[in-house]
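Peer 1: Dropping a structure here in structure tokens format, bear with me for questions.
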Amino acid sequence: MADWVGPCSAGRKARRSRASRDVAGTKQTSALNQEDASQRKAELEAAVRKKIEFERKALHIVEQLLEENISEEFLRECGKFITPAHYSDVVDERSIIKLCGYPLCQNKLGIVPKQKYKISTKTNKVYDITERKCFCSNFCYKASKFFEAQIPKSPVWIREEERHPDFQLLQDGQSGPSGEEIQLCSKAIKTSDIDSPGHFEKHYESSSSSSHSDSSSDNEQDFVSSILPGNRPNATRPQLHEKSIMKKKAGQKVNSQHESKEQTVVDVIEQLGNCRLDNQEKATACELPLQNVNTQISSNSSLQKKLEASEISDIKYSSSKVTLVGISKKSAEHFKRKFAKSNQVSGSASSSLQVCPEIAKANLLKALKETLIEWKTEETLRFLYGQNYASVCLKSSSTPLVKEEELDEDDMNSDPDSHSPALQELNSLDESLPFRASDTAIKPLPSYENLKKETETLNLRIREFYRGRYVLNEETTKSQDSEEHDPTFPLIDSSSQNQIRKRIVLEKLNKVLPGLLGPLQITLGDIYTQLKNLVHTFRLTNRNIIHKPAEWTLIALVLLSILTSTLGIQKLSQENVMFTQFMTTLLEELHLKNEDLESLTIIFRTSC
């Protein structure tokens with residue numbers, strides 16, 4: 001028993017010692033882990049502090065670059081501690097405070113354009129000027145971009161171990177672009193592209209390339225005539241396919257029998273080439289051979305078409321420098337597609353002819369007269385001249401009416417047809433007849449049977465009425481007053497089209513009136529009430545309120561002229577020298593005369 005207890009106690013002691021050693025090791029490892037964690041935490045905090053310090057330094061540099069009088073050496077040193085994002089912030093902040101975005105430039109920004117793109121007529125290119133608007137000149141824009149491209153893109157807190165770049169600054173005298181170029185066309189069209197458009201098919205025939213490739217046949221290799229501008233001494237000739245060469249050989253065998261007739265066509269073409277000169281004698285000498293040849297080849301329509309085509313091509317393109325080149329149908333279609341836009345632009349430029357100033361002036365006055373006549377109503381005349389507007393309008397319009405009547409009588413008397421004996425006999429015959437012919441349609445006569453039945457019915461009704469047996473049916477008549485109608489309310493101002501049109505007219509007049517009233521030292525408030533009341537009497541439609549600014553200026557002049565008596569302002573009277581000079585100067589700028597303005601104002605002096 002004692003022997004058994006001894007080993008057990010020894011084993012317990014060994015286990016206890018092992019457990020104590022494990023606990024001690026665990027404490028040591030935990031202590032080491034805590035030390036590592038604290039060390040890593042300290043390193044992380046140091047890295048964060050370093051990062052924050054470099055960022056703070058970069059922001060401080062950005063603030064310093066917003067000031068004036070920046071030297072080149074300071075700018076080179078600043079490039080080592082900032083990123084391109086920091087530099088773009090410098091450019092934006094300087095433009096906000098109306099300074100040039102380039103730190104070395106001390107100029108102030110002037111009027112900044114609002115548009116995003118600019119078309120350069122010097123280089124024929126389109127530029128995006130979003131960034132260019134932050135600089136005072138193209139040189140500053142290019143110099144800023146040149147310096148920004150050298151700034152490293154790596155973070156500022158890891159540049160201690162890197163080698164700092166040697167910054168270079170753009171020297172004066174080197175102009176830059178107007179902005180970022182917009183690529184409207186990937187590649188310019190060349191003459192070689194017309195004959196070999198294979199590499200362009202991906203851009204223009206992406207959807208239909210498969211169908212065209214499947215349906216391509218020998219017809220694509222058939223050659224058609226096409227005109228290319230300019231001479232082509234070094235132009236590449238279109239490469240012929242083997243099938244087209246075989247066709248050409250076969251066509252030569254078939255057309256050998258027509259060589260004699262084609263020879264006459266060649267002779268005629270040579271004679272036409274001689275007729276290109278402006279000498280009239282040579283032209284007359286060529287007329288007789290042409291007539292003979294036309295009679296010879298009248299039997300062959302194909303040769304006649306060739307002759308006509310050659311004549312048209314020789315005569316039409318003799319003055320211009322063009323070259324007749326044979327290209328395939330596929331190339332011809334590609335040629336048309338390439339130059340479709342240019343042809344449209346040239347066609348629109350040639351069609352826009354300059355209109356004669358007199359014609360433009362007449363059209364302007366005609367349109368304004370029609371507008372003012374449509375605007376004028378009886379309420380307008382009553383507002384201008386009072387209740388007795390009829391007498392005032394008749395006096396002012398009596399003389400032109402008499403002239404028109406006299407002109408009509410003279411025209412009637414001077415009509416040559418009225419003196420013809422045939423017309424006189426017809427007029428006398430019409431006067432002798434008890435009735436005259438009318439232009440109305442004549443109704444067809446009723447049938448005899450219907451008339452007979454109606455007569456018998458009428459006689460029967462008369463006899464029955466006198467005997468007292470006939471009773472008339474009471475006709476139920478409904479008065480128009482008894483008809484019930486649903487009451488309708490007038491439209492409110494926000495939905496009334498007439499009110500909206502009046503508001504539009506007043507807005508247009510308010511835009512042009514300050515420019516007219518300013519030189520006369522009259523405020524808009526002096527005439528606005530009367531002008532508004534006058535506009536409310538007009539008959540406005542959706543068509544007679546659409547005018548150009550120059551037309552609205554003339555309309556405002558006319559309305560000011562007719563409101564002179566109503567307003568009672570002496571500055572608007574014709575006796576005022578200042579008003580007269582102002583009107584004369586304004587009409588000269590509009591290429592009009594006082595008579596033209598008078599012809600517009602007289603519309604409101606005549607009755608409706």
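Placed from the backbone N, Cα and C atoms, the Cβ positions cover glycine too.
Annotations for this protein, taken from Swiss-Prot, read as follows:
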type	residues	note
REGION	1-38	region 'Disordered'
MOD_RES	A2	N-acetylalanine
MOD_RES	S9	phosphoserine
COMPBIAS	26-36	compositional bias 'Polar residues'
COILED	33-68	coiled coil
ZN_FING	77-160	zinc finger
BINDING	C100, C105, C136, C140	Zn(2+) binding site
COMPBIAS	193-205	compositional bias 'Basic and acidic residues'
REGION	193-262	region 'Disordered'
COMPBIAS	206-218	compositional bias 'Low complexity'
MOD_RES	S216	phosphoserine
REGION	403-423	region 'Disordered'
COMPBIAS	405-414	compositional bias 'Acidic residues'
MOD_RES	S432	phosphoserine
MOD_RES	S479	phosphoserine
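Help me picture where these features are in the structure shown.
Peer 2: If you look at the compositional bias 'Polar residues' (26-36), there are no same-chain residues 6 or more away from its ends with a CB under 8 A from one of its CBs.
Across the zinc finger (77-160), mean pLDDT in this model comes to 89.
A coil conformation is recorded for C100 (Zn(2+) binding site) in the three-state DSSP classification, outside any helix or strand. For C100 (Zn(2+) binding site), the same-chain residues that are 6 or more apart in sequence and have a Cβ closer than 8 Å to its Cβ are R94, Q106, N107, K108, L109, C134, F135, C136, S137, C140.
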Peer 1: If you take the centroid of the Cβ atoms of C100, C105, C136, C140, the listed Zn(2+) site, which other residues of that chain have their Cβ within 8 Å of it?
Peer 2: L99, G101, Y102, Q106, N107, L109, F135, S137, F139
Peer 1: Counting by DSSP secondary structure, give me helix, strand and coil numbers for the compositional bias 'Polar residues' (26-36).
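Peer 2: Taking the compositional bias 'Polar residues' (26-36) as a whole: 11 helix, 0 strand, 0 coil.
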Peer 1: Count the other Cβ atoms sitting within 10 Å of the Cβ of C136 (Zn(2+) binding site), across every protein chain shown.
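Peer 2: Other Cβ atoms found within 10 Å: 17.
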Peer 1: So if I draw a 10 Å sphere around the Cβ of C105 (Zn(2+) binding site), how many other Cβ atoms end up inside it?
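Peer 2: For C105 (Zn(2+) binding site), the count of other Cβ atoms within 10 Å is 19.
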Peer 1: Once the chains shown are all counted, how many other Cβ atoms turn up within 10 Å of the Cβ of C140 (Zn(2+) binding site)?
Peer 2: 21
Peer 1: Using DSSP, how many residues in the zinc finger (77-160) fall into helix, strand and coil?
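Peer 2: Split into helix, strand and coil, the zinc finger (77-160) gives 32 helix, 10 strand, 42 coil.
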